[in-house]
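What follows is a short report on a single structure.
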């Protein structure tokens, strides 16, 4: 899928292919290029509604999937869905109970943007840090993280935090991202983890 595709073209293709949103192709593109999700991985999807990434994940892994969002997610067979804010400790406890072993965390979440560039960028960075902290507390050693972000102020500081926790970190643009957008994805592989955390070392 070339970058010359318009938003309407990709939207129509998503509808034809049965995906709930055009963002499905972003995860397909990322996994084809970086092999983030393996056949038996258990995956948590943060900001999962309407569920297009969960639809794609079902084709990539036979492992358990869990989608979390502030908005209800239309159910998918054999997929756990949790409605709530993943930054809320009570919701995090529910996720841990449902998913005791997690290989991959994906996050396509983005705050509602106001149009005030500095304010919006600060909120994006805050959400990214929350997702990174969540992944760090849940992933097993060697696990992977895919997280949407936007390049701007404080992005390099965020990237430095990710590099402290993963052995391999790349910043990429999906071929499905609209031309001119500052949207990017952080693809972080091989979570360093905590050598003293036996739960994270389990296969």
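Placed from the backbone N, Cα and C atoms, the Cβ positions cover glycine too.
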Site-mate of 51, 53, 69, 108 for S-adenosyl-L-methionine in Swiss-Prot, selected among 85, 88, 154: 85
Measuring Cα to Cα, how many angstrom lie between residue 51 (S-adenosyl-L-methionine binding site) and residue 148 (active site, proton acceptor)? 16
C-alpha of residue 148 (active site, proton acceptor) to C-alpha of residue 108 (S-adenosyl-L-methionine binding site): distance in Å? 5
